[in-house]
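I have placed the structure first, in the form of structure tokens, so that the comments after it can refer back to it.
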């Protein structure tokens, strides 16, 4: 596993060091602006409007995240057309499920359903969210693993990097959310944990998009000089 993290770090760093570096910088600057606006809203009340809250549904940050996830799905499909490795179609499915779940609030609805059925169970809402997310996530992990095992070395290299990045996204978006709402629900923890959780998701998704863009159009898998080629 340590080798995977080292490979992912090297792959991302090499992939985005070229022409894509400017694109990644723009994404990160946009993320940073959204995070600063959120903190400004929470500390001094400006700019007015709940849309600047990182944790609110249908806010500016969430729509920007939707855009990046959609880009990732499209880039995964384009990458499949170049290398014909089915694992990239599965990655496109992962990103599609991600944005669909967020848009239709599927895990929130599952949490509300469980809370309605078991009103006396502490944190039933968040347990319901975790159950649905875990079940769907398990199916996707199995699909990625199954197609990864049958992929060419180039497809495996990219998939390992994506797996590390998406694991970090899950750790920030799901595990930190569970800590926030189940273990540390107090008001004193709301702003710092929301900022870490949602701000971290924004930044990580920017890295995913930039990496996929570089992999698809700049450093094509299979080249000797490719950043994603496996030694």
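Using N, Cα and C of the backbone, Cβ positions are placed for all residues, glycine too.
Note: TrEMBL annotation is automatic and uncurated.
Marked as transmembrane segment by TrEMBL: 20-39, 124-148, 160-182, 202-220.
By number of Cβ pairs under 8 Å, the transmembrane segment (20-39) is matched best by 202-220 from the list 124-148, 160-182, 202-220. Residues 4-5, 7-8, 11-12, 91, 94, 123, 126, 130, 133, 137, 144, 189-190, 193-194, 196-197, 200-201, 204-205, 207-208, 211-212, 228 of the same chain, all 6+ positions outside the transmembrane segment (160-182), place their C-beta atoms under 8 angstroms from a C-beta of that stretch.
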